[in-house]
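Chemist: What follows is a structure written as C-alpha cells; I'll ask about it next.
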Amino acid sequence: MRLRNKPWAQKLVVEHPEAILNEPDPEKKINWEERFDDFSKPLAIEIGSGKGQFITTLAKKHPEMNFIGVELQTTAAGMILRTKLEEKIDNLQLMCADAANIAMYLPENSVDVVYLNFSDPWPKTRHEKRRLTYKSFLDKYRQILKPEGHLEFKTDNQGLFEYSLVSLNNYGMKFDYVSLDLHHAENEILERNVETEYEHKFAAKGNPIYCLHAHFE
C-alpha cells in the first residue's frame, strides 16, 4: 500500500545520511563497517519494511545483532527513520532503495536472516518477476546469506504463500517451518513472533497468517 507523501519524511531522510542510505548507487560499495558500531555481529535484513514496526521492535529486542531495513517508499522510510532517531536504535541502519539491487549493496555471505513480511503479492501473471519470492530474488538472497543463514516469510495472502512454497521448492530450498495459521500455532516460533502493522490488523480480523522458514542447501 502506497502511503500519502509526507514532505517532512523526505527532509528527514536527506538530513540523516549517517542513518539511512537514500537511493544508493548499486555500483558503489557500501562501507557497512563504518555504519555499524560492530559489523561482526549477526546481521538480519528486512526487505519491504513498511512503517517499520517489525524491524524497530526486533532491533530493540536484540542489541546483540545488527539490522538493516530496506524500504522503497520515501515516506515509509522516513517514518522508520523517525522512530530510529527518537528511540536511539543504534543497531539499525536503513536503506531507501530497490530490493532488486540487494546483492550489490551487501557483501556475499554476510547476512544471517532475510525477512519478507507481507510483501506485495503482485497477483497478475505478467508481474510475477516482481514478487519477492520469484527465482531471481532467491538468487540474490542466496548470494548475501551465510551458508547457515535462512529466509523467514509471512503473509496473509494465500495465493502468494502457495506461489512462494512452489517457487522455493523448485529452487531447491529446504523448509524448516511451515504454518497455515501462525497465530494459532503453539510453538516457539509464535512465542518469538514480532508482528508487523499489517499482521496485527489482519490477525485481528480473524485472517490466518501464513508463515514459512527455509534455507538454501
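Including glycine, each Cβ sits where the backbone N, Cα and C put it.
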Chemist: Can you dig out which of the ranges 24-29, 60-65, 126-131 Swiss-Prot describes as region 'Interaction with RNA'?
Modeler: 126-131
Chemist: Can you tell which of E18, E33, E34, E71 Swiss-Prot lists as binding S-adenosyl-L-methionine with E46, D98, D120?
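Modeler: Swiss-Prot lists E46, D98, D120 binding S-adenosyl-L-methionine, and from E18, E33, E34, E71 it also lists E71.
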Chemist: Got a sec? Which of these binding-site residues, D156, E197, has the most Cβ atoms within 10 Å?
Modeler: D156
Chemist: Between D120 (S-adenosyl-L-methionine binding site) and D156 (substrate binding site), what is the CA-CA distance rounded to a whole number of Å?
Modeler: 11
Chemist: Using only the Cα atoms of E46, E71, D98, D120, which the record gives as binding S-adenosyl-L-methionine, return the largest interatomic distance in Å, rounded to a whole number.
Modeler: 14
Chemist: D98 (S-adenosyl-L-methionine binding site) has how many other Cβ neighbours within 10 Å of its own Cβ?
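Modeler: The Cβ of D98 (S-adenosyl-L-methionine binding site) has 13 Cβ neighbours within 10 Å.
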Chemist: Please list, for the region 'Interaction with RNA' (126-131), how many residues fall into helix, strand and coil according to DSSP.
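Modeler: Secondary-structure composition of the region 'Interaction with RNA' (126-131): 5 helix, 0 strand, 1 coil.
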